[in-house]
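A.B. asks: A single structure is presented below for examination.
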Amino acid sequence: MSPKPLRLKPLRIIGSALALTLLAPAVAAAGTPDSANTGDPAHFIVIGPQHGGLERTADSVRAADGQVVQSWPEIGVLLATSRDSEFAEAVRGDPGVRAAGASRNLAEQLPENSGESDSETLEKRRGTLTTGAASRAGESGEEPLAPEQWDMRMINAGKAHENSDSGKGVTVGVLDSGIDPDHPDLAANLDTSRSVGCTENGTPDRSQQAWAPTSSGHGTHVAGTVAAANNGVGISGVAPNATLVSIKVVNDEGFIYPGSAICGFMWAAEHGIDVTNSSYFIDPWYLWCQRDRDQAAVAEAVRRAVNHARGNDVLNVVAAGNSNWNLSKRIHDTNSPNNGGPTEDRWAGNGCQVLPGELPGMVTVSAVGPESSKSFYSNYGIGSVDVAAPGGDSRQTADTPSGNGSVLSTLPEGEYGFYQGTSMASPHVAGVAALIRAEHPRWDARMVNAALRQQADTVPCPKSYDTDGDGEDDAKCRGGRTGAGFYGAGIVDALEAVR
């Protein structure tokens with residue numbers, strides 16, 4: 001019986017990465033609860049004592065006409081719902097309550113159907129560009145689609161596989177839209193027993209329906225970059241012997257709400273995950289600001305969850321974002337909140353941060369194209385980016401049969417396709433982290449984090465950066481010969497990581 005032919009899904013461009021903005025609020029959110037538009041209760045984060053139990057906190061929630069829908073006593077956080085638009089204000093200062101705030105836009109209203117599929121809408125919101133794919137058989141001894149994997153050659157992944165166990169014994173949790181459990185390049189590496197869905201009020205659901213993809217191939221694409229098997233089928237990932245766990249945090253409308261992200265980090269902390277990849281920002285605010293009491297409460301809850309994961313020796317890798325913003329400077333946000341309610345015109349400054357990307361201890365990744373230059377869409381900034389990795393760039397040409405400058409990886413239903421975005425860059429780093437952890441099993445997450453920077457290849461700042469040919473620089477790189485403004489410590493190198 002002849003082997004099933006590889007299918008490369010022809011994908012058209014469905015969204016601009018620059019449509020996303022990561023800007024910050026100067027004033028508190030105004031509006032009525034999401035229940036005003038949908039008839040459903042509004043969602044709130046309630047912060048209790050970090051140690052000592054949440055009994056009094058839960059009592060205060062109920063006394064204020066709220067309902068506890070999820071509890072994380074390990075970090076002192078509750079997720080509550082209420083039909084009272086003043087719930088957060090009512091519960092603040094009550095016994096056992098340190099802070100409280102709406103975890104979604106207080107005027108949530110999904111837009112009218114635009115004629116796009118749910119998958120197209122999600123990819124557009126995530127800022128991931130997709131481009132057409134072309135197939136070519138590989139040379140003897142390599143994966144059939146390896147000639148298209150310029151990204152793996154850039155970081156010396158193949159040479160790393162020849163000199164290591166390729167991530168064996170290390171588990172990578174993919175916090176995303178789900179992983180296809182039947183894909184021939186992923187099935188053998190996917191641990192279904194530890195996979196989970198977190199999209200229903202932050203409540204873990206271990207059923208396959210909850211953690212498998214339903215509206216997007218984004219998570220499956222990310223997973224293939226991390227750990228597609230070296231099995232003679234399709235492609236190979238950065239760490240092809242690593243174990244994958246699907247931790248689904250993206251709902252079918254394409255949103256990652258705080259409760260889902262918190263659930264994801266908590267699950268990783270408690271289920272033996274060594275590395276997580278987060279190719280997203282938390283909705284509905286592109287930046288969450290301390291001066292807003294609602295947003296400050298959410299930021300504290302997510303910070304506690306991430307710290308809990310770090311305390312359980314999880315290394316967390318995150319995408320920098322796709323808006324070509326200098327995250328070390330103030331940003332003008334006109335697109336938050338992003339889930340259907342009225343948006344605000346605001347400036348981001350000190351005290352505002354992208355969640356989870358700008359939390360302490362995260363490894364934040366910018367993207368480069370096949371010419372090793374910052375991708376035109378990638379966010380950047382000294383102190384905001386830790387390392388860089390291949391994310392693809394349609395304005396750069398790859399030395400491959402197709403010349404496609406985007407990243408080729410797995411898609412649901414056994415397919416393959418090209419995507420570009422910092423979403424594609426961060427899983428390369430998660431894969432390299434898996435290689436390091438496999439080679440140095442006694443190293444803790446802090447040591448692996450340091451090693452990622454030490455093994456990276458420095459890329460100096462370019463003399464000019466005009467990606468669209470209009471004669472003007474599209475971004476300013478700071479850091480001179482270090483290139484730190486665009487690339488952090490540099491582009492990760494899988495071979496150096498295992499030496």
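Backbone N, Cα and C atoms are what each Cβ position is placed from, and that goes for glycine too.
The feature signal peptide is assigned by TrEMBL to 1-30. According to TrEMBL, the region 'Disordered' annotation covers 102-149, 193-219. According to TrEMBL, the feature domain 'Peptidase S8/S53' maps to 167-462. According to TrEMBL, the feature active site, charge relay system maps to Asp176, His218, Ser423. Per TrEMBL, compositional bias 'Polar residues' is recorded for 193-216.
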A.B. asks: Tell me the Cα distance separating His218 (active site, charge relay system) from Ser423 (active site, charge relay system), rounded to the nearest angstrom.
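C.D. replies: That separation, Cα to Cα, works out to 9 Å.
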A.B. asks: Give me the Cα-Cα distance between Asp176 (active site, charge relay system) and His218 (active site, charge relay system), rounded to a whole Å.
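C.D. replies: Cα-Cα distance, Asp176 (active site, charge relay system) to His218 (active site, charge relay system): 7 Å.
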A.B. asks: Write out how many residues of the compositional bias 'Polar residues' (193-216) are helix, how many strand and how many coil, based on DSSP.
C.D. replies: 4 helix, 3 strand, 17 coil
A.B. asks: If you average pLDDT over the domain 'Peptidase S8/S53' (167-462), what do you get?
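C.D. replies: Averaged over the domain 'Peptidase S8/S53' (167-462), the predicted model reaches a pLDDT of 97.
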A.B. asks: In the three-state scheme derived from DSSP, which category covers Ser423 (active site, charge relay system)?
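C.D. replies: It is helical.
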A.B. asks: Please identify which of Asp176, His218, Ser423 has the densest Cβ environment, defined as other Cβ atoms within 10 Å, among these active-site residues.
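C.D. replies: Of the active-site residues Asp176, His218, Ser423, the highest Cβ count within 10 Å belongs to Ser423.
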